[in-house]
Amino acid sequence: MSSGSGSLMWFRKGLRIHDNPALEYASRGTTRVYPLFVIDPHYMEPDPNAFSPGSTRAGINRIRFLLDSLADLDSSLKKLGSRLLVLKGEPSQVLIRCLNEWDVKKLCFEYDTDPYYQALDNKVKNYASAAGIEVFSPVSHTLFNPADIIEKNGGRPPLTYQAFLKLAGEPSWASSPLSVELSSVPPVGDVGTCEISQVPTLKELGYEEEDQDEFTPFRGGESEALRRLRESLSDKEWVANFEKPKGDPSAYKKLATTVLSPYLKFGCLSSRYFYQCLKDVYKNVKRHTSPPVSLVGQLLWREFFYTVAFGTPNFDKMKGNKICKQIPWNDDDKLLAAWREARTGYPWIDAIMVQLRKWGWMHHLARHSVACFLTRGDLFVHWEKGRDVFERLLIDSDWTINNGNWLWLSCSSFFYQYNRIYSPISFGKKYDPNGNYIRHFLPILKDMPKEYIYEPWTAPLSVQTKAKCIIGRDYPKPVVSHDTASKECKKKMGEAYALNQRLNGVVSEEDLRKLRRKSDEVDEEQEPKPRRLRQKLIK
């Protein structure tokens, strides 16, 4: 086997030509390169039982974004004298078969910290090493290697952003320019009996094109990523003054952020190249914002989450996750469905959930609003349930960042000021008093006067009739009263925090059950019956 002369470049994320050390290494000192992408049924097999069009794990918007990205990569490779080879099946099996069939001496792929890929990569690496094939798997999806930072910190991940910054410093590669161009890639070798296909369409994967009435306005791919990057960076003043907590979550015509997150997620844009471009802008302006709020600060947040996730077993669960508070969340599927399907009766929350379903994206402050509402703000539903919905519907869904943000927003880890709640009424009103965002994503409310658009249940019947929207018939009544529900949530969070402190974080299932029972009994005693009824989900 080791007498082979070709290289196999296995693409997963990292769907780009610029700053792609694995592709560069694969192209060096060889006459043949096999650029391969495997359609993995784990992510791509259509699932007719899922709550929205798509596979078991990914909504149709993200699958479409990936296919765009693959088509763009194929076209870039063709310009360099190569092309993308697409195969279908369980990736480790497909890869082992290709290594067997093709004349390969080097296997190259970008390092990936996700648990799913870690397991996959170990299988493939073990096989390649036993067969005498060189494996090259550089870290280029992130600015730092998370393992290095954990090692610097004595084997534990830093649990605050500031501690992370102190340990991380400047990335080692940052002082020299990155290689952003490849002049050519050696041609593809003989593919033997492997059934190579073109980049498939949604239809060829078994999806109905008309499964959805409005698709994401964002096209996937490296070309689009670089175009967006140039556009964002052309406004140097905007880049210099960018402050994360600011920005308008209700802006939907001209968006208030770069929308580069999906391109970073799929690696259509190199985070390292983005970092260097930002540093170049900073050099040429008088003053600029700093981490945590600056654009470079946003890239460093991504690194912080990657590092913590990599060093924390069960990072994506409450149980067995030592950095996660154990909280007796409700297991209320009706409330979860009302939230997921934009039927909470709170137009600000519902409009955001419609945008999520249709576009696969929404502004970070909009994400904060709906995540807080589902968990510690109003419904007290488990963050893992909300995480699953985001994981499916977001085009930029990234295992690490999605879990990190839900841990944060549910006050389960990182952030503990559970008394600070996003109001489902006044928070959106602050940015969009006229309710244009709501009118756009919830057209049933488009004629509701602005005095009532955030709380349509308070509108007199005559106003509802005139607006052609009767609350309780055309649009739901609120599933909970925010004032009552948020008070109750704060009380439950306080009790859970006290329990975690008392038991030093070692909280059993039985402890949580007792706490849940205790707070339910207190509720029953305190709540007069009619109030209880109003709290129930209104069909």
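Every residue, even glycine, has its Cβ placed from backbone N, Cα and C.
According to TrEMBL, the feature FAD binding site maps to 257-261, 298-305, 396-398. The annotation domain 'Photolyase/cryptochrome alpha/beta' is assigned in TrEMBL to 5-143. Per TrEMBL, the feature region 'Disordered' maps to 514-539. The site 'Electron transfer via tryptophanyl radical' annotation in TrEMBL covers W329, W383, W406.
Mapped onto this structure are the features recorded in TrEMBL.
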| residue | record | contacts (Cβ under 8 Å, 6+ apart) |
| --- | --- | --- |
| T257 | FAD binding site | G247, H363, H364 |
| S261 | FAD binding site | W361, D396, D398 |
| L299 | FAD binding site | L143, S271, F274, Y275, L278 |
| W301 | FAD binding site | Y161, P292 |
| E303 | FAD binding site | T142, L143, F144, P146, F164, A168 |
| F305 | FAD binding site | T400, I401, G404, N405 |
| W329 | site 'Electron transfer via tryptophanyl radical' | M318, T375, F380, V381, H382, W383 |
| S397 | FAD binding site | A58, R62, K265, F390, E391 |
| W406 | site 'Electron transfer via tryptophanyl radical' | A371, T375, W383, E384, G386, R387, F390, S412 |
Problem set entry | Mean per-residue pLDDT computed across the domain 'Photolyase/cryptochrome alpha/beta' (5-143) | 96
For this session: Please compare the recorded positions V259, W383 by how many other CB atoms fall within 10 Å of each one's CB, and tell me which has the fewest.
Result: V259
Exercise. Under DSSP, the domain 'Photolyase/cryptochrome alpha/beta' (5-143) has how many residues in helix, strand and coil?
Worked result: 58 helix, 30 strand, 51 coil
